[in-house]
Amino acid sequence: MDQHGKCKLGRRDSTLTSRTTTNNDIPTPFMDLSALINNFKKQGLDEEDLVALSGGHTLGFAQCSTFRNRIYNDANIDSTFASQRQANCPRSGGDSNLASLDPTPALFDSKYFSNLVSNKGLLHSDQALFSGGETDDLVKTYSKNLKTFSEDFAESMIKMGNIKPLTGKQGQIRVDCRKDGELSSANEIKCFKNLVIFICSCDFCSFGTFVVS
């Protein structure tokens, strides 16, 4: 829900896709802090949004190819942590081998930020948030206060969800995200109703988990 207690219905799906455009818009795991800030700023998101949304990495895993350079070449990394990751991510090969983005990859908690404070961020772009720059203080705050992180994450998710939405007859609404095809108005209303019931029954942490996964 937004700050007015209104439940957001979601976004329409585009009927066109562009891998090139998408890759240009989303941050990469190799970016430093200034590049991340600029990347988010292009979408109307500020530094608080950057740190809060990066906290979505409290869930899930990353492939070896995305963090190999960090664990072998970055200086701001805990040596024991680096050695542990090197055991499953050799200098060559094993590109698809997985490592968790934080110690509890199935839980929405604040350990992602605790990892950053300990120089145990898995991705270069993760650790960039705690590297002597302007986002350090917010990382420390989130590492100690799950409630603050959860609330800020929810607000930033809503803010991100409002980036260039398709309205009117633009785009479409799908029952199955893998299948193209616009719904009839009756089914569209039913689909929206079910989505609203699901989202409005969730608290901030559950909402965040649903979206990120």
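The backbone N, Cα and C atoms fix where each Cβ goes, and this holds for glycine too.
Note that TrEMBL annotation is computational and uncurated.
Features reported for this protein in TrEMBL:
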type: REGION; residues: 1-23; note: region 'Disordered'
type: COMPBIAS; residues: 1-14; note: compositional bias 'Basic and acidic residues'
type: DOMAIN; residues: 1-181; note: domain 'Plant heme peroxidase family profile'
type: BINDING; residues: PRO27; note: substrate binding site
type: BINDING; residues: HIS57; note: heme b binding site
type: BINDING; residues: THR58, ASP102, ASP109; note: Ca(2+) binding site
type: DISULFID; residues: CYS64-CYS89; note: disulfide bond
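Annotated features taken from TrEMBL, shown on the structure.
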residue	record	CB count, 10 Å
PRO27	substrate binding site	19
HIS57	heme b binding site	24
THR58	Ca(2+) binding site	28
CYS64	disulfide bond	19
CYS89	disulfide bond	24
ASP102	Ca(2+) binding site	24
ASP109	Ca(2+) binding site	18
Inter-residue Cα distance where the pair is CYS89 (disulfide bond) and HIS57 (heme b binding site), in Å: 19
CYS89 (disulfide bond) versus binding-site residues PRO27, THR58, ASP102 - nearest by Cα: ASP102
PRO27 (substrate binding site) versus ASP109 (Ca(2+) binding site) - Cα distance in angstrom: 22
Residues close to Ca(2+) site centre defined by THR58, ASP102, ASP109, Cβ within 8 Å: GLY55, HIS57, LEU59, LEU101, PRO103, THR104, PRO105, LEU107, PHE108, SER110, LYS111, TYR112, PHE113
Integer mean pLDDT for the domain 'Plant heme peroxidase family profile' (1-181): 90
Separation of alpha carbons, THR58 (Ca(2+) binding site) and CYS64 (disulfide bond) (Å): 17
